[in-house]
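Asker: Below: one structure in structure tokens.
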Amino acid sequence: MLGITVGNLYKPNPDSLYLLLTLQLLSLFTAFVLVNKSQKAKLLFGLFLYFLSFSSGIFVFVSHYQPNHKNHYSNWILAGEKVILTGVISEELKANPYSHKYYLEVTQINNQELKGKLLVNFSKKNEESLPEVGTVILAKCAIKELIKPNNPNQFDYADYLEKRNVFHQIYLENKNFRYLKTDKNTNYFLQKTRESISKDIAKNNIPTERLHIIQALLLGQRQDINSELLQKYSKAGAIHILAISGLHIGILLFFFKTVLSPLRRIKHGAVVQLIILISLLWLFAILSGLSPSVVRAVTMFSFVGIGIYLQRATNIFNTIAVSILLLLLFKPNFLFEVGFQLSYSAVIAIVWIQPLFTKFWRPKNKILNYFYEIITVSIAAQVGVLPLSIYYFHQFPGLFFMTNLIIIPLLTVILVIGILVVITNAIGVSFLPFSYILSESIGFMNYYVNWIASFEKFIFSDISFNRLLLITLYALLIGIIILLKKPNYLKLQFVLILIFSYQLAYFGSIYSNYKTDEAVLFHYPKKTIIALKENNKITIYTNDTLIENNYVVKNYLQGNFGEINTVEKVPNAIQLFDKKLLIIDENAIYKVPEKVELILLTQSPKINLERLIDYHQPKLIIANGSNYLSTIEQWKKTCLKKNIPFHITNEKGYLRIY
């Protein structure tokens, strides 16, 4: 894993790695031959083996990094260059307010056979003619760079896409593309199968909102779930159930194993059961689109299934390690996916921490024991993912145990009944009671999640948390678990040191932000937002009346361990340390007695920019997201003519001033 991380950071040339791996293999072989002759040889063998594993991790990442392949389009085409492109739609993504989004597999550019994956943005003006998976597209367009974050501490969507080997995007409207044919490939048939299953389920008059949940749980298609409902699931600590993962596959493994148990009575029935069991799990994975969370879960539970067949006490940690190794060998980018990290953190925590609760108390009543196990498994999983959850999402649902107490048994019912509905529909038998139970179970689950999410006081949000705190908190949690497993005085001392280290990291993070004074001019459509940070006091200047709920400001506060000191209306001028910023809005007032170094243009003021430059002789002019693009283009030409630096937040993002 360390090798993959280093490979991602530095992306070395593959040719140099071949030589390095060859030398390390020779060194390892030499050490192996001498291993029985001296203690030093044993040590060398261990070191060479470690470095070989490390180098192999780098090599695996580099070999899967698509721009290293000679026929990848990025090696032949410059970003921004207009091309004639042919490609196949491979996946539909969640739309945003402006466009429908898809992945497209490139087949040809400018009559040259090339490969690669692009993000395709279809204008919402094309609602009546959207493609389906498998559609072949011919387009004349510019291949553009992915948009980097426009504001500090913002989610980096470009980096997210690059980890999926998507490095550029194209924008398509009616005028610059046409559909050629439908490539009836595997993705096409899988998509058609999912659509057919969805239509069959919808025939039973299941409400649309519930149908979208069913599609997420059974088919791995959650792009149609509305954002408000997703937010409620997140607040209730139940967002994980909407992405097919180890929880779902574990439930299905138990269900299929129970259904197929009579096979064990016949000769070689155990082998037949195992083959059918693993085949059914992978069939489910394929139908759900082979998403990363499904692939890793099915891989791990396939090994668990083999362990059940062999009827031996399989070391679960070995099973987890083998599944991680196999997944990263074929998909090294999985390592950087939040879902991968959360999933394995939860699984490892459950198998390591949950036995502590069982050791403390195990109810004799079967029903009580069932719910006790749900609660303890939930707590163990939450401990495992707590640092990562806070690091990535900056919130923690305090009532997660109440959510899981009801949701997990309900999810079992939904998955089992859902599969029965799919099977009965497939054989042409519509059994309405199954559909009714499925619909009402989803309805109750949504109601319960909404009720839990309504307790706002138990949702700890907007938590400041950085990478240093992530590492030290994990170290502390691991230390505490080791202490609880086998307590002794030395371990207690070690835990106290870890507590001190975490406190030191926390106060150090606050201090490092406290001593940095800065001003930030944010990018935001139709609004002006400026943050002035002096010590740990943050003043916000804005014309947004709901600034406390603005995600741009929230992200900034989280990243700086800060709170808003005051909120003020945008003035005509602000003193930013040793520089003065003049703000010119629609009133176009710029003739002030004092000359200024910085000028911010907002709300598309009707001014003669040449006269303004002659009057103030500024060192920098900034245009934020509240201006018309056509007006900005005129200003850009004027600034170029006058040789004045021009910062456009639409293109360059926020501006930080010290």
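Cβ atoms are placed via backbone N, Cα and C, with glycine included.
Annotations per TrEMBL:
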- 16-174: domain 'DUF4131' (DOMAIN)
- 17-36: transmembrane segment (TRANSMEM)
- 43-65: transmembrane segment (TRANSMEM)
- 217-485: domain 'ComEC/Rec2-related protein' (DOMAIN)
- 237-256: transmembrane segment (TRANSMEM)
- 268-287: transmembrane segment (TRANSMEM)
- 342-358: transmembrane segment (TRANSMEM)
- 370-393: transmembrane segment (TRANSMEM)
- 399-422: transmembrane segment (TRANSMEM)
- 434-453: transmembrane segment (TRANSMEM)
- 465-484: transmembrane segment (TRANSMEM)
- 496-514: transmembrane segment (TRANSMEM)
Asker: Restricting to the same chain and to residues at least six past its boundaries, which positions have a Cβ under 8 Å from a Cβ of the transmembrane segment (465-484)?
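Answerer: Distant Cβ neighbours of the transmembrane segment (465-484) are 352-353, 356, 383, 386-388, 390-391, 394, 491-492, 494-495, 498-499, 501-502, 505-506, 508-509, 558-559.
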Asker: With a Cβ cut-off under 8 Å, give me the same-chain residues at least six positions beyond the ends of the transmembrane segment (370-393) that come close to it.
Answerer: 234, 237, 338, 341-342, 345-350, 352-354, 357-358, 361-363, 400-401, 404-405, 408-409, 463, 465-467, 469-470, 473-474, 477
Asker: What is the average pLDDT across the domain 'ComEC/Rec2-related protein' (217-485)?
Answerer: 86
Asker: When you scan the chain for residues with a C-beta under 8 Å from the transmembrane segment (399-422), skipping those not six or more beyond its ends, what do you find?
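Answerer: Tertiary neighbours of the transmembrane segment (399-422) are 197, 200-201, 204, 214, 217-218, 236-238, 241, 247-248, 251-252, 255, 371, 374-375, 377-379, 382, 431, 434-435, 437-438, 441-442, 444-445, 448-449, 452, 455, 458.
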